[in-house]
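Visitor: Got a structure for you, written out below as structure tokens; questions coming shortly.
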Amino acid sequence: MAIDVKAIEEHIRGILIALGDDPEREGLKNTPKRVAKMYEEVFKGMCYSNDEIAEMFNVTFEDDLCINDNENDMVFMKEIEIFSHCEHHLALMYNMKVAIAYIPKKKIIGLSKIARIADMVGRRLQLQERIGSDIAEILQKITGSEDVAVIIEGEHGCMTTRGIKKPGTKTITTTLRGRFNTDPIVSNKLMMLYTK
């Protein structure tokens with residue numbers, strides 16, 4: 001799916017008029033075009049399904065070091081910074097830090113690909129819970145491992161700048177698949193690494 005930049009421009013112009021402003025005044029003349037260009041960038045992930053993102057970043061390596069040596073060995077990354085926009089208010093979700101873990105099953109994925117997946121999934125109209133679920137699904141497809149965990153901490157503009165207006169409020173979500181959800185040893189190890 002391609003993003004319709006021209007339609008966005010027209011609608012932003014209409015929003016400016018609906019707000020009671022003049023889209024032809026000096027400060028706003030190019031605003032519809034700038035907003036459309038920004039949306040094309042920040043919503044790039046909407047152009048791709050989870051399957052397409054999995055295909056895009058499907059660069060793996062054989063993992064002959066930990067095949068059945070220790071079934072609790074995991075790959076863990078944290079502090080991956082992303083942003084997103086909530087689908088309810090189009091408000092920015094910011095200061096988002098993602099932690100991702102998986103237990104390799106003969107294949108490992110390049111570390112930069114993990115961060116790229118998180119970034120691409122965030123570039124959609126989203127819910128924080130769905131970001132975690134989408135990342136987990138994509139990693140499962142690429143690595144062949146059922147054992148994937150995603151922990152996300154973030155702030156939501158819809159909580160901090162409107163409505164209840166509680167700046168500094170953080171939302172933490174977890175997506176635990178496979179043994180991260182069923183094996184206390186694995187989940188305890190994950191939490192130890194996350195809080196370290």
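Just so it is clear, glycine is given a Cβ too, placed from its N, Cα and C backbone atoms.
When I checked Swiss-Prot for this same protein, it listed these features:
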BINDING   CYS86, HIS89, CYS158  Zn(2+) binding site
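Tell me what's around each of these sites.
Guide: Every protein chain shown contributes to the tally, and the Cβ of HIS89 (Zn(2+) binding site) ends up with 14 other Cβ atoms within 10 Å.
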Visitor: Quick check: with CYS86, HIS89, CYS158 left out, which same-chain residues have Cβ atoms within 8 Å of the centroid of the Zn(2+) site Cβ atoms?
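Guide: Near the Zn(2+) site, the remaining chain residues are HIS85, GLU87, HIS88, LEU90, ALA91, MET93, HIS156, GLY157, MET159, ARG162.
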Visitor: For CYS86 (Zn(2+) binding site), which residues in the same chain are close in space, meaning a Cβ under 8 Å from its Cβ, but six or more apart along the sequence?
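Guide: For CYS86 (Zn(2+) binding site), the qualifying residues are MET93, LEU125, GLN126, LEU127, HIS156, GLY157, CYS158.
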